[in-house]
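Trainee: I'd like to ask some things about the structure below.
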Amino acid sequence: MNTMGILLRLSLAATLCYMVYSKMTIIDTPEVLKACCNEPRFHTKEMDPRLDNIQQYCIQKFRWHLQSRNPNSTDETAHYIEELLRMAQKESRSKRQVDRRRKEIRRATDKERQDFFRAINLLKRDTDVKPNRFDALGLLHQQRGDDVHHGAAFLAFHRVLLLIFENALRQKVPGVALLYFDSRLDQPLRDPTRSIIWSPQFLGTVKGRVTDGPFRFWQTPAGPLVRAGGHEGEYFTYRHIRAVMTRSRLEEISEPHAPPPFDFEIRHGDVHQHIGGIMSPAETAGFDPVFYMHHTFVDYLWEVFRRSQKEKGVDPTRDYPTRYGTSAHAPNALMGLGRLRNIHGMSDMYTARMYTYEPSPTCSYRNPSCGSRYLTCNFRFGRPQCVTLEMITPTAPTAPFGSATNGQTPQQQTQLTPGFPNFSGNRIGTFPPRFGRKKRQAVGVVDASRFSTMGQNVLSQFGQNGLMQFAQNKTREMQNKKEEVKMGFPTELENNMDVFQKITEDGKEIILSPMTNMCPPTVPTNVIQNLFQMNGISDSRIWVYIPVQVIYKRQREQMVFDSFPIEEGQMQMEKDIYDPTLYSSLKDNFILNVNYSRSCRDMDGIFTKIMVHSDGLNYHGSFREFAVVDSRQPYTSSTIYIAIKSPEKFDTEAIFAAYDPCGNVCKPYCKRFGHFQPCDGSLKFDNTPPKLYGKDYGEAIKLVWGITNEGIPTFRPDNIQLQFVCN
């Protein structure tokens, strides 16, 4: 009887434990999602692109299936498309010289750029086609969904869509042409979000709601126009494009079979992720004008690829892949743009009769000019390369940690500096490697934190008259040096190219600063503005929050910090108190393990940012947040609060994922019967009490934090059901 009583009590305890945690159930990840993530082409020794980008690509592909409820285009939109296609047809039959010349946006004249922005805004205000002519085209892109993505028709469809959009612009402002955004010019910056491209004179706010620039305070069918630049993904690089250009056939760079690093569609998606906000989900990307500028650059690169094909003896008009993906990507399948079929997008007619491209900006030792006052020729890459100018806004370097401000208001004076390579770190003059540790220099470097003050006071130091005199003197010096340049590294010229310039546009003053060593803050200064969009409805009240713990183990190959022990009055500069390999109690747990040959410097700082995602499995919505951990410590943790669909009425199924700044995927652990166990990160929630979620952010915090009678906050980890281990 005693034994039976013990068994009964154990059974009852197990049942009660199950009941307590029944509201969060570990579920299987959908097979279609697992199959995508497990594709052999994504698991090669030369893995590229990053693992986080691959996982997000697969989730985006899965999301299109949830988007299938979207209705087809309205008759009104269909007639509008037919009207714009007739314009193209008429122009293709004309014998006049092609007058559309698409340029990189920083190479366009001020008038060309302003006309372009004006035409976009006129489309946005024209409601003759519902909801307006601009968003009608964005909705068309959304409704086409997977039929024009993840397959061979991707490039052809978007080429025709761009032509339709360009014709719509020309209806409003005759003679206007599309401008493209070559993100390779921004990628080398330490902080690409400070590129001039995101200034009020160009595309406006890149962090948070767009509150300045030509598209300020736009409302879209997905809610306010929002961006979340710099948190995820990456811009195009010259290395990326060189890899694509080594291929000869469209099938070799197209979904669904192109292997990394040649998959052009996946690579283009990294830029969507890097801009973030409405640009991040493909189904809402068409509501941000940046979408068209990014895709115009993609089309430009495809045209370069097609010219390369001709040089190799391949006819690009007949090079439609035989392995094209789903039936919607078949060569004779309808595009959904009038009566055009996918194969029609392969024609040479577009660039022969309708538009041409001005080549992307370049420079050389003999001609160190990029042809734009918004670009500078940089020689720090082994060969000359055009790089965008940076903004130096007074508030950006000193914004409080976690501030939502973007430091880019129309009233502020924007200062710019010639772009500097993307070498992360807390000090200037060091280039810490990702793999293979390097002791930081103790002397001969300048603390980057000082530059924020210097940047703010640059005008007061010189004064307006002194500033312009300095600029004139430096310009004369540079012109004299140009004549002395020979082949090789032009050190003197480079040092004298950083000159002050004063530019005034629309009453706003832009200052180009010679201080090329401006560094971004070592901690994130901007939170992520989520869309809170679910099944087409943007409303944060239909979301709930769950606490998630991020556990971080310092990587052995991370940089060493400058904090030295002192023995008998002497500083031991060959040691570092934060280096775990110096301690016998820790060193066995920090063995160098190089998984990939690709270098990454994004984790070489005092703080490391871990991105955490939730994506719906039975609803169409996503949420992004990041945890900040102290990279000096061997082990550390952070608790954040992730939003999911409210399970108050119907159960919620979601998949969670976390990534470090180098794209490595953190391992999820789910609590079951009071203990954390490895899982896929796919979970189901219901409303069974006690609820382990908060109906709002405050309730979620109260789940894991209490207050003693003395007013001391106390941490209660028992209510945390999900954790990620990043090691």
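Just so it is clear, glycine is given a Cβ too, placed from its N, Cα and C backbone atoms.
Curation plays no part in TrEMBL annotations; they are all automatic predictions.
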Trainee: Identify the region 'Disordered' range according to TrEMBL, selecting from 398-425, 482-509.
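Mentor: Feature region 'Disordered' in TrEMBL: residues 398-425.
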Trainee: With a Cβ cut-off under 8 Å, give me the same-chain residues at least six positions beyond the ends of the domain 'Tyrosinase copper-binding' (288-299) that come close to it.
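Mentor: Hits for the domain 'Tyrosinase copper-binding' (288-299): 102, 104-105, 120, 134, 138, 141, 155, 158-159, 161-162, 165, 178-183, 203, 214-215, 220, 225, 227, 236, 264, 268, 271-272, 275, 277-279.
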Trainee: Under 8 Å between C-beta atoms and at least six residues away from its ends: which parts of the chain pack against the domain 'Tyrosinase copper-binding' (149-166)?
Mentor: 61, 64, 81, 84-85, 88, 100, 137, 140-141, 176-178, 250-251, 254-256, 264-265, 282, 292, 295-296, 298-299, 302, 320-321, 323-326, 328-329, 331, 333, 335-337, 340, 342-346, 350, 354-355
Trainee: Counting by DSSP secondary structure, give me helix, strand and coil numbers for the domain 'Tyrosinase copper-binding' (288-299).
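Mentor: Secondary-structure breakdown of the domain 'Tyrosinase copper-binding' (288-299): 10 helix, 0 strand, 2 coil.
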